[in-house]
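Written out below as C-alpha cells is the structure these notes cover.
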Amino acid sequence: MKVIGDKLVLATHNKGKLREIAELVAPFGIEVIGAEEAGLPEPEETGTTFIANAELKARQAADLSGHPALADDSGLCVDALGGDPGIRSARWAEDADGNRDFTRAMEKVETALQAKGDDTPRDAHFTCALSLAWPDGRIETFEGKVHGTLTWPPRGDKGFGYDPIFVPHDHDISFAEMDPAKKHAMSHRADAFRQLLDWLEAQR
Ligand SMILES: O=c1[nH]c(=O)c2ncn([C@@H]3O[C@H](COP(=O)(O)OP(=O)(O)OP(=O)(O)O)[C@@H](O)[C@H]3O)c2[nH]1
Ligand SMILES: [Mg+2]
C-alpha cells in the first residue's frame, strides 16, 4: 500500500489488540512490527480523550522507529457511570504494583453499576481511536464505536479485557463468546479500521 510502504509499526503493548490489529492489516501484505519487538517504551497516556492518547502513542512510535506507526487507544464507556472507565479502562484493571487483572476490573464496573440501584440501565459502548503517524509529521486519526449492554457474570474466554461482560446490540452472546472473526466484523476497532481504509483508498 503506497501511503504506508512495506513496513508498519503497531504501536501497542497489549497482546490482545496486537493480535486483532495484525489480523485487520493482514490482507494488505504489509510487514508489521509490534511495539515490544521494535523496542519502544510504553508512553505515559496523558491525553484526556481517546484521540489524544492514540495520537501521542502513534507519534512517539513513528518518531522513534522511523516507520509509519499505527496506535490504538480504546476503552469501555458505561452510560450510567458517566462514561467510565473510558480512557482509564486499562488503569481500572491495575493493582498498586501496576499489574493488570481484568476480572477485578469487570467486578469494579459491576459493583459501581449495582451501587446505582437495580433499575440502572446497563447500556455501554466500546470506543477505539486509531491513529496513523508518519515520521515526516503527518498524522490521521479515526474513531469507531460499538454499542451494547453489560451482562453479569462474565461469559466466554475469547477476546480480551472487558469482552466477557459486553453483549453487542442485536446479539445475545458476549464478545468473549463470539468467534474472533465475528467480533472483528463488528467491533469498535473494525469500525475505526474501516474508516482508515476508506481514507487510504481515497489517497490513491
Ligand atoms: O474487552 C475489551 N475488548 C476490546 O476490544 C477492547 N479494546 C480495548 N479494551 C480495553 O480498554 C483498555 C485500553 O487501554 P489502552 O488503549 O491504553 O491500551 P493498553 O494500555 O492495553 O495498550 P497500549 O495500546 O496502550 O499499549 C484496555 O484495558 C483494554 O482491555 C478492550 N476491552
Ligand atoms: Mg495503554
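From the backbone N, Cα and C atoms, a Cβ is placed for every residue, glycine too.
Taken verbatim from TrEMBL:
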- Asp73: active site, proton acceptor (ACT_SITE)
- Thr12, His13, Asn14, Lys15, Gly16, Lys17, Ser74, Phe160, Gly161, Tyr162, Asp163, Lys183, His188, Arg189: substrate binding site (BINDING)
- Glu44, Asp73: Mg(2+) binding site (BINDING)
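Feature map: TrEMBL annotations on the structure.
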residue	record	DSSP class
Thr12	substrate binding site	coil
Glu44	Mg(2+) binding site	coil
Asp73	active site, proton acceptor	strand
Gly161	substrate binding site	coil
His188	substrate binding site	helix
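Around the Cβ of His188 (substrate binding site), the same chain contributes Ser74, His125, Phe126, Thr127, Cys128, Gly144, Lys145, Val146, each under 8 angstroms and 6 or more positions distant in sequence. Glu44 (Mg(2+) binding site) has Asp73 as its nearest neighbour among the recorded positions Asn14, Gly16, Asp73, Gly161, Asp163, going by CA to CA distance. Cβ neighbour counts within 10 Å, taken over all protein chains shown, single out Gly161 as the most crowded of the binding-site residues Gly16, Gly161. Comparing the recorded positions Glu44, Asp73, Asp163 on other C-beta atoms within 10 angstroms of each C-beta gives the minimum for Glu44. Listed in sequence order, the residues of the same chain lying 6 or more apart from Asn14 (substrate binding site) and placing their CB within less than 8 Å of its CB are Asp72, Ala90, Phe160. Of all Cα pairs drawn from Thr12, His13, Asn14, Lys15, Gly16, Lys17, Ser74, Phe160, Gly161, Tyr162, Asp163, Lys183, His188, Arg189, which the record names as binding substrate, the longest spans 21 Å. Neighbour density for Ser74 (substrate binding site): within 10 A of its CB lie 25 other CB atoms from the protein chains shown.
Sequence-distant neighbours of Thr12 (substrate binding site): residues of the same chain at least 6 apart with a C-beta under 8 Å from its C-beta are Leu18, Ile21, Gly34, Ala35, Lys57, Ala71, Asp72. With respect to their backbone Cα atoms, Gly16 (substrate binding site) and Asp73 (active site, proton acceptor) stand 13 Å from each other. Across the structure, Gly161 (substrate binding site) and Asp73 (active site, proton acceptor) are spaced 13 Å apart at their Cα atoms.
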